[in-house]
């Protein structure tokens, strides 16, 4: 008999320092009104000494505490991130060491703002195999270290944070449908972290450490391609938008959510948002949003609600999941 997987616990963690739009206006030519009207963002949390693995480890500890599990009972840890502490060891390996999950294998998954959705899909397959019983899936980012703080077109958008879930094997299906996609042909529209150095054998070099984005292209991609895939997902599951209690989307821009809701014919209230507090936290945005929705009582994790989750971003990548929570 095929095993299934369910989200049994959620948690998130934000660094303490808050940088408001007014704070940014003191550093560059911008204003709170300019940022809010174009993005819906009012502030963001920024690390001052913590690393991505520190944020992810805080989430892992919270998940263990909530579930009353010992770290030795975790079979695997997947961390979705584009801002790792180092190329190696992986951020997930650092988390494994930090919490003492001696029996868990751990690795990072890189899919930018789609990372958490891709990681959830991967983890569900691991549990469905019947080999593993439970794992931690975490999205964590310190994007403040990848931002050019003199470029207002990107500096105002991003923040730091982490969120995650405990995924456990179960008997009833809760992952109802999924569509994961990549279009590398459009990858140049959103890039970061390019660091190609000269060697004794090659004089080619290219360094572009900061996030660079073609804003209009990304907006069109999200509102056209991702929205169409969400509709396709519902059709695949033989469901309509009325069957979905909430749509949890990557928190990139309030205008994107507004246009998606209109195109799908869904009440905007079904699209919870927290970007006003945190900005765009890439792979961390969806698990942070999910955790806050559970904390507020909007979502119950009792199997009675259907949510559509969608991540989209660099790659270009996008992924959609239909979940029974």
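Cβ coordinates come from backbone N, Cα and C, glycine included.
Keep in mind the model is a prediction, meaning the values are calculated, not measured.
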Inset, instruction - Look up region 'ACP-binding' in Swiss-Prot and report which of 246-250, 251-255, 256-260, 261-265 it refers to. - result: 251-255
Legend entry - Distal contacts, the region 'ACP-binding' (251-255) - CB-CB under 8 A, six or more residues away: 38-41, 113, 157, 218-219, 222, 273-276, 278-281, 285-286, 288-289, 312-313
Inset, instruction - Calculate the distance in Å between the alpha carbons (Cα) of residue 250 (active site) and residue 280 (active site), and round it to a whole number. - result: 8
Legend entry - Three-state secondary structure, which DSSP defines for residue 280 (active site): strand
Inset, instruction - Measure the Cβ-based neighbour count of residue 280 (active site), defined as the other Cβ atoms within 10 Å of its Cβ. - result: 24
Legend entry - Chain-internal residues near residue 113 (active site), provided their CB is under 8 angstroms and they sit 6+ positions away: 250, 252, 280, 282, 283, 285, 311, 312, 313, 314, 317
